[in-house]
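Take a look at the structure below.
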């Protein structure tokens, strides 16, 4: 029997195969280089503290519920690993809801599967589906709201308005950034005729789940309702939100938008230094994108927009989400939903050769697996374990660390405590001088992992103050220990 590619492309199991393949990747290759936030959320679950954080109200308490259930059923797994698995499962569930929406918009199975691959193989979803962060779970609920919204748009059933708003609003309880997704759907009802205000009322009603959720949290935390605004917008009141607009907003937004789809990081240079064969995935991805580019003209000329209102609404949501990410100095974490929105926007068109859409998804999968997912799984980037081992042997030492915040989160997750005398090497000189003077007065060693080795090009590198080099130039160093990492030795030195 001759091989028939069209049989595969038209097979009803093709989208499900793509979904399950991506889910398998998410579950089997969790990162071993978790962020400080990831350790912090897992620590909150392990030590049962800060379970109601207003920025992502239900995330920690959901994690605690699942962790407690696992303990009662005899499941032996640590909170960090469990929460990574939770994110992997919700990423797979998000792809399933995305598939259901695409099935409403697109009949060709090849187009559905290709757009699933495009979204699921983009860096944003792959990165956070393998990590313990707060950005995947709300995407599932926002997509659920979008599913009912699309169904209402196509079928006109009023009950779908209620479900659309409920799930889109519920997403805001897992991360406040999703208010813009909910708002984008609301604006559709405001501008649609006839009788838009009746539909607006229907849409606003289920959104009361948000004040209800915050009200319950305030009650459990014994916070007066008169302080609700300070609790809900805690990051603004604490001054943790950058409100100054500079060139970095534009630069980092562009970089982060690109990194939402494919990995671009200084780590790739280190990979090439280790083995030149790491250039092969890049070449393979570029070849796939080249062939896609050759077909792009045909797709552009012959593609047909069949859902203009859906496209306009999704474009508005995309604009609002990226605009806020720009305001947050190009925060890539606030753009994780972008590939899902782009896939839905592409689903509003009819394509003459839908199988061609597999090419960019395959290119992204090859690139991001090679330069993000697999390195994150196999290599160790930080010296946190080494520093913790040293601190446990010499608890009296004062530590000056290049990534003190990340070490704090790591140590708190492991022990439930913070180091009492740890400082950031980028802290102001007078803070560091005072810490060193106090340590010498108390006859305590001052230990640092500061190094003049070339920095890894990253967002953190772009945002750093750059004061450490000048400060540490005035001191001598005596090596205490070696801490091998992917980037080289990040050992500890006695400051003299």
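Just so it is clear, glycine is given a Cβ too, placed from its N, Cα and C backbone atoms.
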Checking feature assignment: transmembrane segment per TrEMBL, candidates 35-54, 135-154. Which range matches?
135-154
For the record in TrEMBL, which of the ranges 242-260, 356-374 is the transmembrane segment one?
356-374
Quick one: which of 313-344, 377-408 does TrEMBL have down as transmembrane segment?
313-344
Could you give the number of helix, strand and coil residues in the domain 'Glycosyltransferase RgtA/B/C/D-like' (85-209) as assigned by DSSP?
104 helix, 0 strand, 21 coil
Go through the chain and flag residues at least 6 beyond the ends of the transmembrane segment (12-29) whose CB is under 8 A from any CB in it; none is fine as an answer.
85, 87-89, 91-92, 95-96, 99, 102, 109-110, 112-113, 116-117, 120-121, 126, 129-130, 369, 373-374, 376-377
What mean pLDDT does the predicted model reach across the domain 'Glycosyltransferase RgtA/B/C/D-like' (85-209)?
95
Long-range environment of the transmembrane segment (203-225) - Cβ separation under 8 angstroms, sequence gap at least 6:
52, 54, 57-58, 161-166, 169-170, 172-173, 182, 185-186, 189, 231-232
For the transmembrane segment (82-103), find every same-chain residue at least 6 residues outside the stretch whose CB is under 8 Å from a CB in it, and list them.
15-16, 19-20, 22-23, 26-27, 30-31, 34, 38, 41-42, 45, 63, 66-67, 70, 75, 111-112, 115-116, 119-120, 125, 128-133, 136-137, 139-140, 143-144, 146-147, 150, 340, 343-344, 347
Leading contact stretch, 57-75, 109-128, 135-154, 313-344 vs the transmembrane segment (356-374) - CB distance under 8 Å:
109-128
Surrounding residues of the transmembrane segment (313-344) on its own chain - C-beta under 8 Å, 6+ positions past either end:
94, 98, 101-102, 105, 115-116, 118-120, 122, 124-125, 127-128, 133, 135-136, 139, 142-143, 146, 149, 177-178, 180-181, 183-185, 187-188, 241-242, 245, 248-257, 259-261, 459, 463
